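Notes to accompany the following structure.
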Amino acid sequence: MTVGIFAKFRQNPMAIIVSAFAAFGGFLYGYDTGIISGIIDMNYFLRTFGHQLPDRTYALTSNDKSLIVSILSAGTFVGALSGYPVGDYLGRRYGLILACIIFSIGVSCQTAAIATPLFIIGRVIAGIGVGMISCIVPMYQSECAPKWIRGAIVSAYQLFITIGLLVAAIVNNETKDIQSYACYRIPVGIQLIWALILLVGMFILPESPRYLVMKGRIEEAYNAQARLTSSQSKDPQVDIDIKELIANYELMRSYGGTTYADCFKMGSQKNLLRTLVGIFLQAWQQLTGINFIFYYGTSFFHSAGISQPFVITIVTNIVNVAMTIPGMLLMDKIGRRHVLIIGAIGMLICEYIIAIIGTAVGQSNDTAQKTLIAFVCIYIAFFASTWGPAAWVVTGELYPVSIRAKCMSLSSASNWLFNFALGYATPYMVDPDKGNMGSKVFFIWGSTCLGCLVFAIFCIWETKGLSLEQVNYLIRNSSPIKSAKLNKQLKSGVIVEGDIPKLELEIPNISTDIKMPNNDTLHQ
């Protein structure tokens, strides 16, 4: 088994490295999410952006806290919708480069801010960049990664999100006691380094061959595929791979699909169903309540009377990182459906336990506090190993190439829309002068996880181990509940249908606008 994996890695090292590096975009997302959780609880930040209370301490109003935390998601919503035109017109690589530039502008505004308006403007601008990244990275990874490890590679995006969250928690802990603007300028400004790393890397990496085929740039597609497979553009396998991509793209074109309206047409391609599954999958991921911990965890632990809330936040982030790794491996081992179903069951049990203990015993009890922390960590472990990476994996491979960028922008926008709504509403639910729900808020998250379970059972196809072309065939010809059987037939070679592009050296009926290069013109 291990020997087989290493042999496969030696066949496609560049494709794996390229896809894994692109996942670094998740680090920007995670780090930016993580720093705000600690910053809004830092004393000097509260003195700068908050108001003085009667006891001479400082605090943010519920409205300011909601706005500062959630306004990033308003920007990411716009950025995610922008991911389609940017990703399809500029390309996956240059789309990510533009996103890094926009993100850096937003970070610069936040770093310079000493008043709320500029800080909020910076959050919005940075959010646009993060939203574009969240749309384009999984798409780029899915199009470049080998099918046998695609689930793990796309899951790496979520792994980098968790690493970003952890690094942010550590940086916050180191700067929280600084009594100057540096307490928040250091953690915010460091993000310029992360953006520069991704930007430089994308100048070096190849473009997605599937994108190049879609644009009719066939010679460039040969060269990109050759780089991904560490071979020559004249290699017979490269020729087979590209002609398969061309045949599949021609099949997709025969069904139509050039505007957002095509995403909502059912037909034999089931575009409407695919689009809605992606939108609601990302929505349900947010409704698990995970960002309650990562946006407001430090404040929540503080209000619960737990000592050293910054340290507890680091602990929860360590759990988040550590448990994402087995999730990456499980994705291609037990499959997408089982991962999502198991995760939903585990999370809802943990969240109901947290809510019941917090309500029945109270948060001031020492034993109750330890139990709360323990089950928060178990809950995070279930999320990190299941719904965290799986949502990005499934949406990255769910759509046909003709509408993939559009549908990815819609699903990513859904993620950020619910992220914004929950981020804005949370202080009104839990702040002492508002809803004052405390631990009772986990009754809500537990109930939404019940919805996640039902959704996973009835709406998620099993796509592990299939090429994107096979995934397209599977979705057209099976229901989610019966998809596992067809999946096995496709992988075993039992299914040989005309609907799946044949790996032939001569592919008929190629459009006149897709010109096949003469082999003599291909770069070595």
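Cβ coordinates come from backbone N, Cα and C, glycine included.
All TrEMBL annotations are machine predictions without curation.
Pulled from TrEMBL:
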type     : residues : note
DOMAIN   : 18-464   : domain 'Major facilitator superfamily (MFS) profile'
TRANSMEM : 12-31    : transmembrane segment
TRANSMEM : 67-87    : transmembrane segment
TRANSMEM : 94-114   : transmembrane segment
TRANSMEM : 120-140  : transmembrane segment
TRANSMEM : 152-172  : transmembrane segment
TRANSMEM : 184-205  : transmembrane segment
TRANSMEM : 275-298  : transmembrane segment
TRANSMEM : 310-331  : transmembrane segment
TRANSMEM : 338-360  : transmembrane segment
TRANSMEM : 372-395  : transmembrane segment
TRANSMEM : 407-430  : transmembrane segment
TRANSMEM : 442-461  : transmembrane segment
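In terms of C-beta pairs under 8 Å, the stretch of 12-31, 120-140, 184-205, 338-360 lying closest in packing to the transmembrane segment (152-172) is 12-31. Within the chain carrying the transmembrane segment (184-205), a Cβ under 8 angstroms from the stretch's Cβ atoms is held by residues 18, 21-22, 24-25, 27-28, 31-32, 35, 38-39, 42, 44-45, 93-94, 96-97, 100-101, 103-104, 107-108, 110-111, 126, 129, 133, 164, 168, 171-172, 175, 178, all 6 or more beyond its ends. Mean model confidence of the domain 'Major facilitator superfamily (MFS) profile' (18-464) amounts to 86 (pLDDT, 0 to 100 scale). Of the two recorded stretches, the transmembrane segment (372-395) does not lie close to the transmembrane segment (67-87), with fewer than three CB pairs under 8 Å once pairs fewer than 6 apart in sequence are set aside. Of the candidate ranges 67-87, 94-114, 275-298, 407-430, 442-461, 67-87 contributes the most Cβ pairs within a distance under 8 Å of the transmembrane segment (120-140). The transmembrane segment (67-87) shares more Cβ pairs under 8 Å with 94-114 than with any other stretch in the list 94-114, 310-331, 442-461. The list of residues near the transmembrane segment (310-331) in space but at least 6 beyond its ends in sequence, with Cβ under 8 angstroms from a Cβ of it, reads 34, 37-38, 41, 151-152, 155-156, 158-159, 162-163, 165-166, 168-170, 172-173, 176, 293-294, 297-298, 301, 339, 373, 376-377, 380-386, 388-390, 393, 464. Packing against the transmembrane segment (442-461) from elsewhere in the chain are residues 277, 280-281, 284, 287-289, 292, 336-337, 340-341, 343-345, 347-348, 351-352, 354-355, 358, 387, 394, 398, 429, 471, 474-475, 478, 480-481, 483: each is 6 or more residues past its ends and has a CB under 8 Å from a CB in it.
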